[in-house]
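Comments concern the structure below.
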Amino acid sequence: MLLIPAIDLKDGHCVRLKQGEMDDATVFSEDPAAMARHWIEQGARRLHLVDLNGAFAGKPKNGAAIRSIVDEVGDDIPVQLGGGVRDLDTIEHYLDNGISYIIIGTAAVKNPGFLHDACGAFPGHIIVGLDARDGKVAVDGWSKMTGHDVVDLAKKYEDYGVEAVIYTDIGRDGMLSGVNVEATVRLAQALRIPVIASGGIASIADIDALCAVEAEGIMGAITGRAIYEGALDFAVAQARADELNGGEG
């Protein structure tokens, strides 16, 4: 199982938000490229970037920081990016400039046709990000709840040809309260494509719990606050996941 470090970008810095609130941000590094290199040195095999300003503005906003990370990472490991992706030109630009996977979140819910077109134009490169509370999907940086059931939407997007689904449990993200394994497994069991867990990972116990159900279709887990604040040692956690699951995966 892949443990994927999150690098959340706000105003060119690496930050973490608590419960998705832009004005409740903790700056962890003013050098995102150095942070990317740090996680690679700790054993990361994929990076998760979020353009937070872009997510709220609906268009790319942290171009310089993203470029610096891509330049630093090179061909070492794949990078997935979300936040502010609302059109095919933006996707093409990122893919042409070193990003491996594009995450589409709010735009997928509000404009399913865009997601469908993106999957057709860039097969194998589109990941859908679904943020949910109590099984219902949220959009616009979690500021608006919808009536959409997360499993129903994910199955629809699977038919479009998305590469994977990132499932974030909003109630737990950035709170170090433990990952919602039950909800993640329920989604993974309903799909043929892999699920990447996100939100709430706090300790080695969460890694153990996810590895125990990896066979249900959980390919990885995104971790942020825990590895930045020291609650979770990334290198130890990735080694633990490899040990439990018999190697890289």
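Glycine residues also receive a Cβ, built from the backbone N, Cα and C atoms like all the rest.
Some features that Swiss-Prot has for this protein:
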{"type": "ACT_SITE", "residues": "Asp8", "note": "active site, proton acceptor"}
{"type": "ACT_SITE", "residues": "Asp131", "note": "active site, proton donor"}
Where Asp8 (active site, proton acceptor) and Asp131 (active site, proton donor) are concerned, what is their Cα separation in Å, rounded?
16
Relative to the Cβ position of Asp8 (active site, proton acceptor), how many further Cβ atoms are located within 10 Å?
25
